[in-house]
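As recorded in Swiss-Prot:
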type     : residues : note
TRANSMEM : 2-22     : transmembrane segment
TRANSMEM : 85-105   : transmembrane segment
TRANSMEM : 115-135  : transmembrane segment
TRANSMEM : 169-189  : transmembrane segment
TRANSMEM : 209-231  : transmembrane segment
TRANSMEM : 239-259  : transmembrane segment
TRANSMEM : 271-291  : transmembrane segment
TRANSMEM : 299-318  : transmembrane segment
TRANSMEM : 323-345  : transmembrane segment
TRANSMEM : 364-384  : transmembrane segment
TRANSMEM : 455-475  : transmembrane segment
TRANSMEM : 486-506  : transmembrane segment
Amino acid sequence: MFSSLMLVSLLVLTLPIMLSIFNTYKNSTFPHHVKNTISYAFITSLIPTMMFIHSGQETIISNWHWMTMQTLKLSLSFKLDYFSMIFVPVALFVTWSIMEFSLWYMHSDPYITRFFKYLLTFLITMMILVTANNLFQLFIGWEGVGIMSFLLIGWWYGRTDANTAALQAILYNRIGDIGFIMAMAWFLFNTNTWDLQQIFMLDPNLTNLPLLGLLLAATGKSAQFGLHPWLPSAMEGPTPVSALLHSSTMVVAGVFLLIRFHPLMENNKTIQSLTLCLGAITTLFTAICALTQNDIKKIIAFSTSSQLGLMIVTIGINQPYLAFLHICTHAFFKAMLFMCSGSIIHSLNDEQDIRKMGGLFNAMPFTTTSLIIGSLALTGIPFLTGFYSKDLIIETANTSYTNAWALLMTLIATSLTAVYSTRIIFFALLGQPRFLPLTSINENNPFLINSIKRLLIGSIFAGFFISNNIYPTTVPEMTMPTYMKLTALAVTILGFTLALELSLMTHNLKLEHSTNVFKFSNLLGYYPTIMHRLPPLANLSMSQKSASLLLDSIWLENILPKSISQFQMKTSILISTQKGQIKLYFLSFLITLTLSMLLFNLHE
């Protein structure tokens with residue numbers, strides 16, 4: 001029953017795409033149709049989700065045979081388990097709010113209908129990825145979110161930065177896709193199937209190679225350390241794109257892939273250790289990078305990358321349900337933070353530099369209140385949405401001594417989260433206004449207010465509802481020292497205090513020269529400088545030298561002109577060194593003749 005209802009809610013999403021074939025696509029009401037369709041799909045999806053939670057079933061798989069290729073049977077297969085049943089309503093709710101926000105933010109764009117079509121396709125491909133039960137179907141969704149992110153990041157294609165950012169996103173994801181395809185090939189070769197339940201049932205040995213491929217895929221898609229530079233660059237797209245990309249679609253796809261494969265990962269300690277280290281490095285590195293950024297959207301982008309690192313850490317300590325809880329809770333406040341920043345940017349005539357803001361608390365009370373609550377939820381203040389997942393992750397990491405290194409990095413990153421959140425509030429909302437006095441600020445638009453209001457309610461209450469319905473629903477009694485329970489809160493408060501102390505110090509003490517730590521953070525750990533400059537420079541110089549050696553030096557000089565000139569020179573030297581003494585020549589003839597006659601007579 002509820003599998004049919006869930007599939008109906010997913011099919012409803014395709015209606016606007018079908019209608020866009022006809023003239024309604026040209027109609028100005030098309031964006032409103034898309035927004036309403038998503039809201040209906042969300043309400044419809046709530047019914048099967050509630051039924052699923054209360055029925056206590058584990059998984060429902062709907063199978064339609066598609067094709068058979070020799071021994072491989074491909075089917076259109078939907079897997080409706082806890083992960084997909086909870087994620088679909090969350091993604092639909094967040095996207096509904098983002099669509100409504102887009103009606104206000106993109107109202108003057110001449111191609112708004114195409115923009116909404118792209119956003120809807122983006123959502124549909126994510127739904128395909130989440131509900132897929134075989135690797136081929138999952139790959140379709142995986143590539144779908146990749147190409148849609150490329151189109152949406154480069155929406156304002158007249159700007160060079162937007163084009164570069166879109167190319168960067170697609171190229172970094174290509175590196176990840178190599179890992180995915182390698183894993184697909186390995187599973188096909190060793191298990192002769194792409195269906196997830198069959199792979200888990202066969203439980204192949206020596207899964208290091210495919211899981212390494214899947215980890216590489218997740219690193220590319222979820223912007224983990226090494227393949228992370230595309231995420232802050234993606235801020236060149238419109239704010240609704242940033243909100244959708246960073247909350248419930250693209251970036252969580254990599255984490256979701258690892259969650260799907262947790263039955264294989266939990267038995268492989270090598271991959272788990274690697275995942276734990278990768279997540280810990282990412283969460284700390286990106287938190288450090290966020291500290292000195294001045295673009296409001298880039299700070300929030302780096303915070304996304306930091307939270308994704310936290311999710312990867314959670315998978316590394318073998319807690320997939322906890323990582324999934326953090327995906328769901330993170331979607332609400334992260335989308336709201338982007339929408340609040342979009343509201344500020346739009347009101348200040350596209351100004352993104354937080355140093356040119358200030359005093360917005362009086363001018364935009366609703367937006368600033370939402371921004372503060374979103375920042376508090378991000379830092380994990382008790383009883384807001386972020387607390388229910390973030391606090392649990394740190395508590396769970398505390399249960400084993402082997403996690404000590406990763407736990408320390410996670411705690412430092414959690415503290416730094418409070419620092420950069422305070423920095424946004426301090427620079428953008430408090431103090432004296434630093435923008436032009438003639439700027440007209442107006443946030444009284446129902447599309448803007450309603451969309452942020454819904455996510456604000458979600459940022460306060462969603463964590464409580466989702467965490468109460470996460471497995472296991474009957475929680476075993478746990479004993480934990482009070483100091484351990486309060487660790488996460490303590491480091492957050494420490495971060496707030498540190499940020500305020502530093503802000504007060506900087507007013508009194510001005511550094512003459514920026515320190516190396518500041519430079520490291522501001523230049524993003526020198527990573528883009530090294531990786532985006534040195535390899536192209538090395539390739540360019542190497543290709544230039546090889547081209548000049550092969551074409552100019554060898555072919556044009558050494559083989560034809562130089563070889564001929566060398567031959568002529570040696571010949572002329574040989575000829576010119578002859579003395580012209582005819583007696584010697586005759587004598588040499590005579591010696592030769594005498595020797596030949598002697599040899600002839602000797603033979604006889």
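From the backbone N, Cα and C atoms, a Cβ is placed for every residue, glycine too.
Under 8 Å from some Cβ of the transmembrane segment (115-135) lie the Cβ atoms of residues 10, 13-14, 16-17, 20, 25, 30-31, 34-35, 37-38, 61, 63, 74-75, 77-80, 83-84, 87-88, 91-92, 95, 98-99, 102, 106, 109, 141-142, 144-145, 148-149, 151-152, 155, 183-184, 187, 194-197, 238, 240-241, 244, 248-250, 253, 256, all in the same chain and six or more residues away from its ends. For the transmembrane segment (271-291), same-chain residues at least 6 beyond its ends with a Cβ under 8 Å from one of its own Cβ atoms are 207-208, 211-212, 215, 219, 223-225, 228, 232, 258, 265, 298-299, 302-303, 305-318, 403, 405-406, 409-410, 412-413, 416-417, 419-420, 423, 520-521, 524-525. Residues 82-83, 86-87, 90-91, 94, 97-98, 101, 105, 239-240, 242-244, 246-248, 252, 255-256, 258-259, 296-297, 300, 303-304, 307, 310-312, 314-315, 351-352, 357, 360, 364, 367-368, 370-371, 373-375, 377-378, 384-386, 388-390, 392-393, 428, 443, 448, 451-452, 455-456, 458-459, 462-463, 466-467, 470 of the same chain sit 6 or more residues outside the transmembrane segment (323-345) yet have a Cβ under 8 Å from a Cβ within it.
Listed by sequence, the residues of this chain that lie at least six past the ends of the transmembrane segment (2-22) yet keep a Cβ under 8 A from its Cβ atoms are 30, 33-34, 37-38, 40-42, 44-45, 47-49, 51-52, 55, 60, 62, 78, 80, 85, 88, 92, 113, 116-117, 120-121, 123-124, 127, 131. With a threshold of 8 Å between CB atoms, the same-chain residues lying at least 6 positions outside the transmembrane segment (169-189) that come near it are 72, 135-136, 139, 142-143, 146-147, 149-150, 153, 199, 204, 209-221, 223, 227, 229-230, 233-234, 254, 257.
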